[in-house]
Structure formats: structure tokens, C-alpha cells
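Asker: Pasting a structure here, questions to come.
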Amino acid sequence: LKDQFDNLDKHTQWGIDFLEKYAKFVKERIEIEQNYAKQLRNLVKKYCPKRSPKDEEPRFTSCIAFFNILNELNDYAGQREVVAEEMGHRVYGELMRYSHDLKTERKMHLQEGRKAQQYLDMCWKQMDNSKKKFERECREAEKAQQSYEKLDNDTNATKADVEKAKQQLNLRTHMADENKNEYAAQLQNFNGEQHKHYYIVIPQIYKQLQEMDERRTIKLSECYKGFADSERKVIPIISKCLEGMILAAKSVDEHRDSQLVIDCFKSGFEPPGDFPFEDYSQNIYRTISDGTISTPKQEGMRIDSKTTVGKAKGKLWLFGKKPKPQSPPLTPTSLYTSSTPNGSQYPIFSIEPVHYCMSDIKTGKPRIPSFRSLKRGYFYLQGPALEDFSHLPPEQRRKKLQQRIDELNRELQKETDQKDALIKMKDVYEKNPQMGDPGSLQPKLTETMSNMDRLRMEIHKNEAWLSEVEGKVAARSDRRHSSDINHLVTQGRESPEGSYTDDANQEVRGPPQQHAHPNEFDDEFEDDDPLPAIGHCKAIYPFDGHNEGTLAMKEGEILYIIEEDKGDGWTRARRHNGEEGYVPTSYIDVTLEKNSKGA
């Protein structure tokens, strides 16, 4: 039975150790869930768009779907946190509390069993001592009886010795009887305690240990169930998150994304017209006849043709010359290839129609825009943003102005509502002075009226810009139609004056594409003077200059500087023969001076 008590001691200890082992497992699972949720949230935060409220980047359906998936994933991470919290509260915390109570209860039951065993051992020792004492007294009594019988049979023994031996025998016999009675009592008590120990006390302690171990097993079963329930409770929400991801994937619309791209990059410019053929052989085969009616006209035409051909040769892209720098300061509409000073790719600009430049050529200062926007990539929204969005193409400018007008109208409506509310409150204060001072509202009312006036002025200004843009777009469409008709007429001319070279703003935008314009514009172009030189430079490295708008140079060649580097890595230069173009700033040694011989 003592061995069984020890076995139960070991078994209950193993049960508590197993309980704590499972609690440790749950704790590690909670840490995994928490780390998983944290990593998911960090992942979502990393890939979430970091846009300001005023950002107007086109929202493609594929991007919106991805952002929705990120939101669903963030909710999914929240459910993992819920699982960890539920496991920590319902499973791990309960296991740790129960483990502490179980240790206390087990300790108490084991102490009761040890006390019962110690009491039984004490009773056994008392019984054993009384038994040994009774045995010893019996042996002494037997010795006393033998001494008495020996003296009684001895004839030489005196009567006093016999009486003394008899008294000693009676004393030992009496003591043996007392020890016998005491031993019998101790034996009876021990037998009773032993019966009580093995049939009442120990079974009760074992039963308590059994109930304790069964409760531990039940608690483990409940924790197993709670562990699974913590996961099962969030399954519906997780399923909704997954369904949301599927719906986000189904919401992707490729046609809508394509339309967004079209709306975003639609410039409003008309496509370029046909490039007319310029017949330079007219002067060679024309015969001069003084007797004909057309002689004066032919002579005049010959003089004009020399001038025209000479100037056209200096302007045509296809025949080696670059156009004169006489375009108004217009910004390129698109950039398709980013450039580097030592790379093999250079910018190719889309062509703006010549007739669009004609309407503004007289008012603008002749200047070719710089290459400062070459390194800014695909989008055309380069350069500093202007208040009237004049740096944007017409269509984009119209959209921006319309959006700003809508925002200003909303702000004006808010200010109007606030003004009405202040007026009503002022009327209430005037009728009921005890509610407030009407004069206290006057500063706020004045400020509101001032804001309304400012907003009306802003709206009027933006509407004027919008009308200007819409008028230009309509006028450009009309001029496009008229230009096509004139182009058909000019193609039939035999005189060199019928050919027309593109305006100088095509130097940056690309090769000339349209030439069907009135001659007065061509004459105005031809009479413009080139830009003055502001310095000179020496080529440190050779540059091929194969792309439009660039100027080829050899190592050691001296060029005139007519426009400084604007921060884009390109400098505008001119040769002695008048050919102009852009060269990499890092390829030349620049010397700026006030009075250069090219000026």
C-alpha cells in the first residue's frame, strides 16, 4: 500500500506536468498568432498607398482591388489577433489558474496521506514496544520461577532465601501480567487504527486524488475544445474576408482601366497634318520669257524662291538643317523616352500642330523650351505647377480647371450656408438680447462675406481660364479643318513659294509635320532673328547627336552657347554655320561672357 501511495504521488505529479506542458504549447501558439498578425499588419502597412487627401492619381480597378484585398487582409490579421486573445483568456489563463489550484490540492491530499501513515507507524511502534516489554517480563518471570524451584528443592537453603525467591517470583509474575494487559491493549488499538487506515482514511485520500486527477483530465478536455472553438468562432469572419478578396478580384475591369488611361493622358491636341512635298527643282527648269505676260511674275517669283529656298534649307529637318529657335515658350506635350548624357536613348516628343502655334506666335517671346523635363519619365505633367495649369495640355488643363471650379463652388456654398446661419442668429439675438450680443457676430459675418467675395473672384478667374481653353480647343478644330482645305490647294502649286517649312518650335517636339498655312506666318517666321550667344564652349568628348533636337559635335570643336543648362543636363548651342541643337552639359567646357562674338 505504501508503494501504491508513492505511485499515486508520481502519477499526480505527471498529470500536473502534462497540464503545464499543454499550457506552454498554447502559449507558444498564441505567440505565433500574435507574430503572424503583426507581420500581416506590417505587410499591409508597407503596401498601402501613401497618398495625401488631395492626390488625384487615377484609381484603376486593379489598384482599387489590390487596396481592397489589403483591407481584407488587415481584417484577417485582426481575426488572428482575436484568436490569440481568446486562446490567452479562455485556454492559457484558465490552465495556469487551474494548475496552481491543482498543485495546492494535491499537496494537501498527499500531506493527509503522509499524516495517516505516520500515525499508523506510531501506533505500530507503541504496540511493538509493549510487546517487547511483555516478552522481557515473561522471561524474567520464568527465571524467577526457576530460582524459586531450585531453592525450594535445595535442603541446604534457608527458609528466608526460599521466601525471598518466592516474593521475587510473585513480583515478576505480576509485572508480566501487567505488561501482558498493556500489550493486549496496544495490539487492539493498533489493529483498530490499521483497519481504519486501510479501509477508511487511505481509500478516502485515494478517492480524493482520483477525483482531482479526473477533474484535471476534464479540464484538459475543456481546454482542447476551447482551443478549437477560438479558431472556429472567427471562421465566418475569415470567410467573409476571403469572399471580399474574391469580390475584389472580380471587380477588376480592364476596359474601365483603359478608359481611365485615356482620360488621364488625353491632351486635346489635334493630330498633325500631311507633310507637303517641296519641289526645289522648279527654279532649275523654269524658263524666263520677257515677252510673255507672266514674265514679271516669274521674275518676282524667282527672287522670292531664292530667298525661300535658302531659308528653307536652313530650317528643314529632312535636309540636314535644324529650324531656327523662334517658337513661343510652349511645354512639350509628352515624353516617351528618358535621356541620359551618356546613354543611347533620347527624347522623342509628340508633334503639336503648326496652326495651333500660329495663334500664339505673335504674342510669345521666341524661345525653344529646354530639356529640363527629359529625366522625369513617361508622364507629361512636368515642370512647376502653375496656377492656371498652363503647363498642362488643353484637355488636362480643362479637367483641372473644372475640378477646381467645382471645389470652389462647394466652398462658396459652405460659406453661404454659414452666412445665412449667422444672419438668422443675429436676428434672434436682436429680438432676444438676453440670448446674446448681436454685435459679437459681426466680425465673423464680415470674415464670411470676405471669404465669399474671394471665392467668387477665384471662380470667375478660373471660369475665364476655362473659357479660354475651351475656345482654343474649338478654334483649333476649326483651323484644323481649314488647314486641311488649304493643304489640298497648295499641293498643286509649281512655285517654291508653295512649300512651307514648320515653325521653329518643332525643334524640340520632333520633325516638321504640317506646312499648309498662310504665307504671312511663314514670312514672319523667316524674318525672326536668331537668339544671341551668351558664351562659348569647347567639346571635351565627341557626341553623335542622332536624335531630333540634339547637335552632333567633335572633340575639341568650339560652339556658341545660346541657352544655359536649366538643371536637366542639356545646354543649347549653335555652330558657326547657324545649326543649333542641344548637347550634354557634361561633354563640354562652358565659358559664359557678356559680349561674345556670336552675339
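Glycine is no exception: its Cβ is also placed from the backbone N, Cα and C atoms.
OK, TrEMBL features for this one:
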COILED    124-168  coiled coil
COILED    398-432  coiled coil
COMPBIAS  474-484  compositional bias 'Basic and acidic residues'
COMPBIAS  521-530  compositional bias 'Acidic residues'
DOMAIN    1-257  domain 'F-BAR'
DOMAIN    391-468  domain 'REM-1'
DOMAIN    532-593  domain 'SH3'
REGION    474-533  region 'Disordered'
Asker: Could you give the mean pLDDT over the coiled coil (398-432), rounded to a whole number?
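Answerer: Its mean pLDDT is 88.
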Asker: Can you count helix, strand and coil residues in the domain 'REM-1' (391-468) using DSSP?
Answerer: 72 helix, 0 strand, 6 coil
Asker: What does the DSSP secondary structure composition of the domain 'SH3' (532-593) look like, as residue counts for helix, strand and coil?
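Answerer: Reading the DSSP string over the domain 'SH3' (532-593) gives 3 helix, 29 strand, 30 coil.
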Asker: Same chain, outside the coiled coil (124-168) by at least 6, Cβ under 8 Å from its Cβ: which residues?
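Answerer: Those are 175-176, 178-180, 182-183, 185-187, 189-190, 194, in sequence order.
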